[in-house]
Each structure stands twice: as structure tokens, then as C-alpha cells.
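So the structure is just underneath, and the comments pick up after that.
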Amino acid sequence: LECYRCGVSGCHLRTTCSAKEKFCAKQHNRISTLWWHGCVETCTEDETWKFYRKCCTTNLCNI
């Protein structure tokens, strides 16, 4: 699985996930306004006034 991850210049860098990491995730902390993209082992989608998380399982789906 390949996912996007964040770097200094934004969240468009590609990374190859480990065998344990089955999901790509995109998270947004609405309080700090920080984004995080990357590979995760488990993922539960969430959307509240302060936090957003989207999970997916296909290559580069977490744009």
C-alpha cells in the first residue's frame, strides 16, 4: 500500500506502508489546524467540531 505523507512542503509526499499498516489516513485537528497524512495499522473514521479522520485502503487514496 502507498499513501501520502506530510513533509515540510505539504502533504504530497509518497510513502510505502509496512505490512502491518493496512490503511491510509488523513487527519485534521481543527483546533490547531494541523493536517496529518500517512499509513496506520488501524483506523476509525471520525468527524467532530475539533477533529476529522478519514480512512481508506487503496493506493494514494488519502490526498
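From the backbone N, Cα and C atoms, a Cβ is placed for every residue, glycine too.
Remember, predicted model here, so these are calculated numbers, not experimental data.
Within the set Cys43, Cys61, the cysteine that Swiss-Prot bonds to Cys55 via a disulfide is Cys43. The disulfide partner of Cys39, as annotated in Swiss-Prot and taken from the candidates Cys11, Cys17, Cys61, is Cys17. Close to Cys56 (disulfide bond), meaning Cα to Cα within 10 A, are the following disulfide-bonded residues out of Cys6, Cys11, Cys17, Cys24, Cys43: Cys24, Cys43.
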